[in-house]
Amino acid sequence: MPASTTSATPDATATETFWEDEPYFDNAWHLSHATGINITAAWEHYSGDGVLISLLDSGFDHSDPELSPNYRPELSYDHHEGDNEIFPGGPGLHHGTMTALVAAGARNGEGGLGVAFGSDWAGQKVRFGDSDGIEQAFREGALNSDVFNNSWGFDGAYGGSYESRFYAENYENIIDQALMEGRDGLGTVIVFAAGNNYDPDGSTMPTHSMKVDEGTIAVGNYMQGGAMAPSSSQGAGILVSAPGTNVVIQHDGRVVAGGGTSAAAPVTSGVAALMLEANPDLGWRDVQEILALSSRYLHSDREGWETNGGGTWNGGGMTFSNSYGFGGVDAGAATALARNWLEQGVSGNQVEVTGASAGGYGNQVETDVAKEIDIQHVRITIDWASAGSPEGLQVGNADVAYKLVSPDGTESVFLSGQSSSGVDQFDYYTNAFWSESSAGTWTVKAVDMETGDEVNVPAESVSLTFMGDETSTSDQYFYTADFRKMLAEDASRGRLSDTVGSDDIINAAASPHPNVISLRDGYDSRISGGTLSIEGGIEHIIAGQGDDALFGNEAANTIFADFGDDRVLGGAGDDYLVGGGGDDYLQGGSGDDRIVGQDGHDAAVGGRGADTILGGDGNDTINGDDGDDLLFGWVGDDLIRGQDGNDRVLGNQGNDTLLGNAGNDRLWGRTGHDEISGGADDDMISSGGGHDTISGGAGNDRLDGGTWADRMAGGAGDDVYVVDNERDVVVERTGEGNDAIYFVGCGSHLVSENVETGRLMNMAGKSDLQGSSDDNSLWGNAFDNVLDGGAGSDTMAGGGGEDRFVFADTSGEIDFVTDFTPGEDVLDIADLLAGSGVGAWEAGDVILRQSNDHVVVSLSPEAFAGEAAENVDVVFLSDLQVSDLAQDDFIL
């Protein structure tokens with residue numbers, strides 16, 4: 001039979017106060033005050049949008065204006081009554097309503113505000129004290145949500161123990177399934193209230209299997225100012241703590257206050273929802289680790305903190321307390337670390353190492369572990385001795401504290417003040433060794449809580465299971481807002497050296513301050529107000545939300561600047577620099593660098609080497625500098641300079657200015673009204689939508705303005721233009737090279753002055769082409785074209801189709817047609833005839849003369865519209881005989 005259940009609410013009796021003139025947020029200390037959860041830093045970017053929080057509780061007033069907008073009725077159920085109505089059944093602030101308001105109260109301007117106000121929520125209603133339906137509710141919440149909040153627990157020591165097959169099947173197995181299958185294999189984030197049964201000699205929390213399970217997050221409760229709430233349970237299985245005393249919410253138009261770990265848990269669930277919005281790819285183990293790393297170190301009158309033997313948190317070991325866990329939840333730091341998280345910790349890649357030892361009934365039980373992993377959780381499985389065991393064993397004695405001691409000397413009390421009578425075997429847990437190594441000799445001790453003397457451990461056997469990740473030579477060193485505080489207690493935290501591995505990272509994402517981080521030898525860094533001396537071996541930086549200055553070294557550095565207006569210099573090596581949010585300055589230095597500006601109006605300089613730069617959003621300024629660079633402006637009105645080298649430059653969206661400068665460059669404008677200049681050497685320039693201004697500069701350039709009406713000037717050199725709009729303007733000056741225009745748009749086209757060649761591409765279809773006053777070469781396409789050489793001595797080729805060649809220049813210049821096909825093409829000389837042209841053929845005014853394999857068409861001086869004293873040669877037809885031509889081949 002299941003044990004009896006209660007909600008974790010001795011402190012959660014709603015204390016009603018009236019909110020008069022002050023804004024709600026100023027009253028909600030858990031959100032806004034110094035010891036609150038730093039919510040505004042998270043709310044700048046996240047609301048929990050797209051995340052579902054499910055809550056198991058005794059009923060929810062989903063009609064509340066702050067709960068109804070994001071309520072998911074199709075995912076909610078009354079598991080006791082067997083229907084879909086989860087209303088609590090009476091007036092007042094009910095426990096479940098309180099938890100939902102704290103976690104997910106909507107932002108609707110009516111006063112209340114949940115931590116993840118943009119998240120969806122569902123309720124799994126049960127009746128505490130009557131266990132019917134609780135198992136089904138637990139299954140539904142765990143398997144069909146992103147975050148599952150549990151502000152409840154079983155009564156008494158060892159209540160709900162997995163030692164019972166019933167609880168193992170209905171809770172342990174469901175948790176395991178949710179971790180394996182929830183969120184498409186990333187794992188449901190399961191949060192539990194630690195409970196409200198504090199006892200200075202030890203609470204029952206360590207004996208509650210679900211709360212200490214490695215797959216759940218147990219949350220303690222602290223008060224405004226940071227001290228632990230008097231009732232908050234303690235235990236080595238607590239991960240973090242959150243505000244839970246006088247947590248202000250609004251219900252039925254009144255400001256009310258809930259409390260206890262029942263309120264602290266949904267605060268943490270809300271933060272978890274914000275984290276999942278920041279990074280939907282987080283695994284359940286990632287969420288736990290981020291909460292542990294980003295939580296704040298708080299002081300209390302309770303038992304002191306233990307610093308473990310890890311070396312990657314604020315320059316040393318992580319600090320842990322059986323009251324606070326790793327500290328107070330910081331929403332801003334947690335979401336910042338989440339969005340910059342590089343790993344993915346799920347059930348499938350969790351590593352386990354086990355060490356076992358016979359009890360032996362001594363005062364210490366030692367276990368040697370050979371394999372090294374990076375620890376997250378430790379499970380201590382004890383087979384307790386029976387009452388008939390050797391004399392002197394304190395079997396079932398509640399006055400004994402049991403400790404696990406690591407090879408580094410870290411001590412964690414995993415059980416105290418609780419009798420083991422009636423329990424044959426139990427899995428105890430501790431989080432205190434997070435980031436330590438598993439290798440070495442581990443010791444279980446028993447200590448008399450009154451005298452402090454070691455006593456014999458009444459265990460038949462002890463088995464240790466270490467859960468975490470494979471050890472790597474590439475380490476990540478995390479720095480938070482607590483670095484200065486930690487440094488004041490231990491000066492050795494201010495020195496960092498790692499000569500093993502080639503991908504070591506300083507991760508200051510959880511620091512909200514403007515930091516200076518330098519990987520260069522001989523330069524100090526400044527993080528959260530503390531000085532850090534990096535003595536070598538660190539390759540990469542992940543920065544936080546402040547306006548940071550970040551410097552790489554001679555290695556191939558990866559630097560993520562995150563939010564803030566940052567200054568990033570890669571230095572030597574092939575670097576990867578990412579600006580993030582804010583208006584950043586990024587400089588690659590020497591080496592072949594990759595630079596990404598992301599949001600904000602960024603300035604990026606590639607430096608020496610072949611660099612790749614992406615501006616991202618905002619109006620960016622990008623300089624390729626030396627080398628053959630690949631430069632992308634992306635979104636916004638960007639200024640991009642290729643500088644030296646053969647560069648490829650893409651403006652993409654926005655009204656961009658692209659400058660190739662020296663080198664044979666390739667430039668694309670894409671959308672927007674762009675200004676593009678190739679500069680020196682041979683460039684290829686293309687644009688898309690928008691009225692663009694394109695200049696080729698010196699060199700043999702190719703210019704394509706795209707579909708809109710553009711202005712193109714090739715400058716010196718032999719240039720090629722692509723024209724697809726009749727309103728395109730091509731500008732060439734005398735003596736600037738032998739130039740050509742390729743017409744790809746359908747219409748009537750004109751070859752610009754000082755351009756030598758015009759060609760209709762097949763894309764232009766049935767189009768017309770007219771030359772300028774210069775001597776032009778005109779080319780038709782496969783369709784029926786009209787080609788008019790205009791003034792000057794022109795050469796024309798119609799290509800396929802039935803073409804009309806127009807001759808209207810009366811200056812006496814002769815034109816050339818290289819592919820005239822009698823019977824298909826026609827020669828239009830009507831404008832050259834003085835009269836109507838009627839009878840000109842019969843009168844012999846149109847003269848055909850054979851010249852080798854060619855035909856010369858002339859007009860008599862009497863018929864010619866211009867001034868002429870003798871026959872005027874009009875056109876030279878290649879590869880024809882006079883006999884091939886007839887009157888029908890002419891328009892007269």
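For all residues, glycine too, the Cβ spot is worked out from N, Cα and C.
Residues annotated as active site, charge relay system in TrEMBL: Asp57, His95, Ser262. Marked as domain 'P/Homo B' by TrEMBL: 335-472.
All features noted in TrEMBL, drawn onto the structure.
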residue: Asp57; record: active site, charge relay system; CB count, 10 Å: 28
residue: His95; record: active site, charge relay system; CB count, 10 Å: 25
residue: Ser262; record: active site, charge relay system; CB count, 10 Å: 32
(request) Using C-alpha atoms only, work out the spacing between Asp57 (active site, charge relay system) and Ser262 (active site, charge relay system) and round it to an integer in Å. (result) 10
(request) In whole Å, note down how far the CA of His95 (active site, charge relay system) lies from the CA of Ser262 (active site, charge relay system). (result) 8
(request) Would you mind giving the whole-number mean pLDDT across the domain 'P/Homo B' (335-472)? (result) 88
(request) Could you put numbers on the helix, strand and coil content of the domain 'P/Homo B' (335-472), residue by residue per DSSP? (result) 8 helix, 68 strand, 62 coil
